């Protein structure tokens, strides 16, 4: 079933340390419009050098309903104008996911609206359709604090994974690198900033899985090498940290470009005559990595699509949009929907 | 006035509708997990049984803890969502007062409502037989536990999953007995307490939803030097 009319969906995101509520309109022709985008980035985790799940969940429950009210007022809409309520149902930190999902159930129950439990990764995967009207199919490089994978996106709910990290996520490697050097949290922007004035060729860091078949990723050896390089230095000044950050970032760029290039080859004709590469997830906000992927796409004759940074990091708009895309296909969920801490995209066949 | 009561703070899930005329529709199930799946269908079931819609509700009463951290947030998030969407006031009640509500204490007794907090501790709150709080809800160490001076001679009427632990800790000091009331919170009791609250103090303000009552800090240790190696 396809619903051929405009749909307005509220989306809630609470799976990590961003509390977010957003509203999108999906027009009958498949194009979209962001009507409201409210987001609260929790700052309480910085001192811990990483997200503390219980603290995150506590902040979500305190702030979420005010963000929903603010989103409605930003869009100049009322609850009765909504066609559906979407919330991240996983994967993520379960305590936080439950806050968003239960709030969504309360909203949906109140007005008899459809509930759409959105896979957080599908939110990232479909964002480029909201921001850039990207048609299916495309190759997706999903790079965030919790994920690093390459998928062919054939349609809503239709994903084929070509490769994924076998250990750390790429954003996790950034966070750990930043933490070791005391650069601050979150690590992505901190490393990028330090790297800007560093010599990327000073430290010889490994590129794990080089020469291996397939397009999986590994970052744990790289992280260990950063740690060793740091401990081997006799004295550590700001320039040393800048050089190490730049060397690390270059290694990540090499790894991402190499494996994404292999994935483009593996996908081959399935991406059509004008292949598209969509990059999503918080790490997509890194300008250096973006430049590397731009160069790769130029070399391969592919089109690079990167949504704006505020829609690459976790946000409610991607959840609202994925909810709208599912709703347009007649897909929604019952009120006894369970949250899932683990939920691979490839388990997500649209029925 | 139609009041919807909700609770998932402890190893049970319940929803209850207390209607204007006093009719009560309730669902209750003991469970250690699955609250998030069970709650909304339970709320739907009591409304359907009563033949009313969510828009016919006047007040939502929800437990705010103490209890399990995650469980406490399940009903509270649902209640806050429901309250925001229907522009209804949400009244937060401690799970301990909800536990105490059905306990019938004799004159002179104190109702001791408790929840096993593990690690040698219980969540505890004391009430007079008419449910007036005699102490604030608190996390208490069982070892060496004593009640404040003016309460130290009172016989106790115990309710809640901490009762056996509390009895063991206090039996040499206090006369005590089990209340016989259910040992887990009931949404029906939350709805009755809310009705009494409104009669006494009026409806709670809109747009000021209740916050969780954890009574225990999140487990999180600050790393030395923010985890920096150099």
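The backbone N, Cα and C atoms fix where each Cβ goes, glycine too.
Copied over from TrEMBL, here are the features:
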BINDING   A:120, A:124, A:314  Fe cation binding site
BINDING   A:142, A:143, A:144, A:145, A:146, A:175, A:188, A:192, A:286  substrate binding site
DOMAIN    A:33-321  domain 'Gcp-like'
Candidates A:120, A:124, A:314 (binding-site residues) - the one closest to residue A:142 (substrate binding site) by CA: A:124
Distance [Cα-Cα, Å, rounded] between residue A:286 (substrate binding site) and residue A:124 (Fe cation binding site): 16
In three-state DSSP terms, the structure that residue A:146 (substrate binding site) belongs to: coil
Euclidean distance between Cα atoms of residue A:124 (Fe cation binding site) and residue A:188 (substrate binding site), Å: 18
Largest tally of Cβ atoms lying within 10 Å of a Cβ, found at which of the binding-site residues A:120, A:124: A:124
Conformational class of residue A:286 (substrate binding site) under the three-state DSSP mapping: coil
Least Cβ-crowded entry, counting other Cβ within 10 Å, from the binding-site residues listed as A:146, A:188: A:146
Cβ within 8 Å of the mean position of the Cβ atoms of A:120, A:124, A:314: remaining residues of the chain near Fe cation: A:13, A:15, A:16, A:88, A:121, A:123, A:144, A:281, A:315, A:318, A:319
Residues satisfying Cβ distance under 8 Å from residue A:144 (substrate binding site), sequence separation of at least 6: A:124, A:169, A:170, A:171, A:280, A:281, A:282, A:283, A:313, A:314
DSSP three-state assignment (helix, strand or coil) for residue A:314 (Fe cation binding site): coil
Alpha-carbon distance [residue A:120 (Fe cation binding site); residue A:146 (substrate binding site)] in Å: 11
